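A.B. asks: These came from TrEMBL, pasted as-is:
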type	residues	note
DOMAIN	72-327	domain 'Orn/DAP/Arg decarboxylase 2 N-terminal'
MOD_RES	K96	N6-(pyridoxal phosphate)lysine
BINDING	G278, E320, P321, G322, R323, Y421	pyridoxal 5'-phosphate binding site
BINDING	R323, R360, Y364, E392, Y421	substrate binding site
DOMAIN	332-419	domain 'Orn/DAP/Arg decarboxylase 2 C-terminal'
Amino acid sequence: MSRSAHPAGPRHADVLPEGHYTAPPADLNVLDPKVWAGSVTRDEDGAVRVGGVDVREVAREHGTPAYVMDEDDFRARARAWREAFGEGADVFYAGKAFLSKAVVRWLHEEGLNLDVCSAGELATALAAGMPAERIAFHGNNKSLGEIERAVTAGVGRIVLDSFQEIVRVAHVAQAHGVRQKVLVRVTVGVEAHTHEFIATAHEDQKFGLPLAGGQAAEGVRRALGLDGLELVGIHSHIGSQIFDMAGFEVAARRVVGLLAEIRDEHGVELPEIDLGGGLGIAYTSEDDPQGPHEIAKALGEIVARECEGAGLAAPRISVEPGRAIVGPTAFTLYEVGTLKPLDGLRTYVSVDGGMSDNIRTALYDAEYSVSLVSRASDAEPMLARVVGKHCESGDILVRDAFLPADLAPGDLIAVPATGAYCRSMASNYNHVLRPPVLAVRNGETRVIVRRETEEDLLRLDVG
Ligand SMILES: Cc1ncc(COP(=O)(O)O)c(C=O)c1O
Ligand SMILES: N[C@@H](CCCC[NH3+])C(=O)O
């Protein structure tokens, strides 16, 4: 492919438009380890390699767009969470972030449990051999069919989210002659500092039973009174992509406060608390996330202190990280198609995917990084907006980023930190086919979710 230099639009700080960016990095060829998966390196010839595999080879063999996942990095992050929380706690990976049979097997092998929130996620978990007792079933509106499925499969716990569900789960369990282990999900009234759509512990939203006003305590009272249920704990999840520990700490304190109230009112000490997921990751070099050890230490200390103050035995803690495990382990590989330099603004770089493989920028105004990965370049930085191929002007993948000014059609670029909530939220908008997920390890590429085909699309269309 010929590589002509494009008129690159604005390049210098004095002419840059308003935007979500800081100054261009000193060297665009450097891949910031904060946002790139564990084993990513740039070869002598300028191409990027991950898991020992050259991205150009990935594109040649499997096409683009493609999610490229570093299996060793996934396993290392899963292990780090398990080790950080230790034997006295349980880590449930949140399958909503990304779930496939291979990922379930990796989690099983690394000793993690799994949180699912639909019959589909449950089916995937069971199909891949996750023992049912290591699965937690979530959701604010589980259907009767889903409850039946979870109870009969023998899931380890169901997290109850409403008064109706407390009764429904109890009836289903009794009908099957079992006592189902359950937790009651409560909203602790914390305003998590994240996008409104992914904050889940303030009062005016759909999840859980609020502590304020006594609904949570009433839920506990009802759950304790029903034969089909064995209430083992309280659950709280304050939101997602959170950097500030303060919210988790307030949540832990309030959940322990409820345990003390339950002990005082009912004479029972519930043995578990689940403090959910929500730890943020680095999408850009400006993000500074905490690691599993920091959160394990903070939560462990606060729960121990509050329990001691309330005269409670310390409960077993569980957590449900999704994004923090899988998010950083994958990038999305795209081929550059058209380029449109707009004077005084930026250059629009269109790629062969878009909002159907990553809706997060359109939905949450999420920020991402991007780099040229098929070669190095010494060209000066060009302010770019990376957009997809869909019929929407909001079809933006990376709102503002610097790419080399000699970027040309046929180049491969990659958006890092797309392991979480990208493939799992992907759509077929415009009948675009969903990309594959490729696991790389020790110089080999393995398809773990294959690319969709036109036959897949047409198979569902039976009219
Ligand atoms: C109940 C529950 N647990 C865990 C998670 C995982 O969150 P994250 O991927 O931010 O760790 C979510 C999603 O926000 C959730 O709703
Ligand atoms: N899907 C969201 C997070 C919500 C998690 C589910 N409770 C995201 O991409 O950030």
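The chain as shown is numbered from 1 upward.
Backbone N, Cα and C atoms are what each Cβ position is placed from, and that goes for glycine too.
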A.B. asks: Please check each of the binding-site residues G278, P321, G322, R323, Y364, Y421 and report the ones with a CB atom less than 6 Å from an atom of ligand 1, ordered along the sequence.
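C.D. replies: Listed by sequence, the hits are G278, P321, G322, R323.
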A.B. asks: Please work out the number of neighbouring Cβ atoms within 10 Å of the Cβ of E320 (pyridoxal 5'-phosphate binding site), leaving out its own Cβ.
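C.D. replies: 25, counting other Cβ atoms within 10 Å of E320 (pyridoxal 5'-phosphate binding site).
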A.B. asks: Which recorded positions, if any, among K96, P321, R360 have a Cβ under 6 Å from ligand 2, given in order along the chain?
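C.D. replies: Checking each Cβ against ligand 2, the ones under 6 Å are K96, R360.
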A.B. asks: Can you name the residues of this chain that are 6 or more positions from R323 (pyridoxal 5'-phosphate binding site) yet have a C-beta less than 8 Å from its C-beta?
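C.D. replies: Sequence-distant Cβ neighbours: A94, A97, S240, Q241, G277, L279, G280, I281, A420, Y421.
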A.B. asks: Distance between E392 (substrate binding site) and K96 (N6-(pyridoxal phosphate)lysine) at the Cα atoms, whole Å?
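C.D. replies: E392 (substrate binding site) and K96 (N6-(pyridoxal phosphate)lysine) have their Cα atoms 26 Å apart.
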A.B. asks: Considering only the binding-site residues G278, G322, R360, Y364, which fall within 10 Å of K96 (N6-(pyridoxal phosphate)lysine) when distances are taken between Cα atoms?
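C.D. replies: Of everything listed, what lies within 10 Å of K96 (N6-(pyridoxal phosphate)lysine) (Cα to Cα) is G322.
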A.B. asks: I'd like the Cβ neighbour count for G278 (pyridoxal 5'-phosphate binding site), meaning other Cβ atoms within 10 Å of its Cβ, all protein chains included.
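C.D. replies: By my count, 28.
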A.B. asks: Looking only at Cβ atoms, how many others are within 10 Å of the one on R360 (substrate binding site)?
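C.D. replies: The Cβ of R360 (substrate binding site) has 21 Cβ neighbours within 10 Å.
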A.B. asks: Given that the record lists G278, E320, P321, G322, R323, Y421 as binding pyridoxal 5'-phosphate, what is the largest C-alpha to C-alpha distance among them, in Å?
C.D. replies: 15
A.B. asks: Rounded to the nearest angstrom, how far is the Cα of G278 (pyridoxal 5'-phosphate binding site) from the Cα of Y364 (substrate binding site)?
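C.D. replies: Checking the Cα atoms of Y364 (substrate binding site) and G278 (pyridoxal 5'-phosphate binding site) gives a distance of 15 Å.
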A.B. asks: Checking the spread of the substrate site as listed (R323, R360, Y364, E392, Y421): what is the longest Cα-Cα distance, in whole Å?
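C.D. replies: The two farthest binding residues have Cα atoms 27 Å apart.
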